[in-house]
Amino acid sequence: MVEGSSKRKRPNILVTGTPGTGKTTMSTALAESIQFRHINVGDLVKDKNLHDGWDDELDCFILNEDLVCDELEDVMEEGGNIVDHHGCDFFPERWFDCVVVLQTDNTVLYDRLSNRGYNETKLSNNVECEIFQVILEEAKESYPEDRVVALKSDTIEDMSRNITTLTDWVRNWHSAS
Ligand code: ADP
Ligand code: MN
């Protein structure tokens with residue numbers, strides 16, 4: 001039994017993966033389908049100032065992990081959350097009943113990220129991150145393997161199938177007791 005999960009009436013899902021793999025698109029649709037709360041960690045960090053300033057080199061906010069975890073603790077205890085973030089190693093393991101790692105073919109990912117206007121460095125860093133399955137490895141190191149699932153996210157059909165799979169999983173989930 002996962003410590004803490006017995007108190008939740010609904011599970012918490014972490015949706016992670018390299019930027020551009022479709023976390024926000026899928027999380028938004030899934031949250032609407034199952035009436036869960038969608039928490040986009042990047043937006044939360046910006047809105048609530050949960051950072052230590054801007055990293056010019058990486059071109060992103062320097063996320064403050066303690067502030068983010070403090071901010072989310074109560075809501076995570078309630079359950080019914082879809083947390084959307086490109087990293088997964090700093091959240092408490094007990095928060096999540098399922099950790100979804102989205103994966104995208106690297107040429108498809110390259111196009112998505114260049115459409116987003118990423119510069120060459122950011123582009124190659126992220127495509128490399130995807131090629132080496134960095135986030136999947138991080139997830140497997142941070143959570144029990146039976147809670148981690150890698151899902152392909154190349155096409156809209158992939159996304160629909162993933163939403164169906166996760167919707168079914170949530171319907172069949174019962175808190176451990
Ligand atoms: P992330 O939140 O992981 O950075 P987004 O959800 O913002 O990724 O998606 C990045 C881009 O890819 C968006 O333009 C989105 O419409 C597109 N996209 C996301 N998932 C898919 C998919 N499964 N098939 C086709 N396009 C997708
Ligand atoms: Mn996103």
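Every residue, even glycine, has its Cβ placed from backbone N, Cα and C.
Worth saying up front: this structure is predicted, and the values here are computed from it rather than measured.
What TrEMBL annotates here:
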REGION    1-21  region 'Disordered'
BINDING   Gly20, Gly22, Lys23, Thr24, Thr25, Arg116  ATP binding site
REGION    40-63  region 'NMPbind'
REGION    115-125  region 'LID'
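Listed in sequence order, the residues Pro19, Thr21, Met26, Arg112 complete the 8 Å Cβ shell around the ATP site centroid, once Gly20, Gly22, Lys23, Thr24, Thr25, Arg116 themselves are left out. Within the same chain, residues 24, 27, 71-72, 83-86, 119, 122 sit at least 6 positions outside the region 'NMPbind' (40-63) and bring their C-beta atoms closer than 8 Å to a C-beta of that stretch.
In this view, the densest Cβ surroundings among the binding-site residues Thr24, Thr25 belong to Thr24, judged by other Cβ atoms lying within 10 Å. Other C-beta atoms found within 10 angstroms of the C-beta of Arg116 (ATP binding site) number 12, with every protein chain shown included. Annotation note: Arg116 (ATP binding site) sits in a coil segment as assigned by DSSP. For Lys23 (ATP binding site), applying a Cβ distance below 8 Å and a minimum sequence separation of six or more within one chain yields Val15, Thr16, Gly17, Asp84, His85, His86, Leu102. Counting only same-chain residues six or more apart in sequence, the Cβ atoms lying under 8 angstroms from the Cβ of Gly20 (ATP binding site) belong to Thr104, Leu109, Arg112, Leu113, Arg116, Asn126. Break the region 'NMPbind' (40-63) down by DSSP state and the numbers are 7 helix, 10 strand, 7 coil. With respect to ligand 2, the binding-site residues Gly20, Gly22, Thr24, Thr25, Arg116 contribute Thr24 as residues with a C-beta closer than 6 angstroms to one of its atoms, given in sequence order. Residues within less than 8 Å, Cβ to Cβ, of Gly22 (ATP binding site) and separated from it by at least 6 positions along the same chain comprise Leu102, Thr104, Ser153, Met159. Here ATP is bound by Gly20, Gly22, Lys23, Thr24, Thr25, Arg116 per the record. The longest Cα to Cα distance in that group is 15 Å. Per-residue pLDDT, averaged along the region 'LID' (115-125), amounts to 95 for this model.
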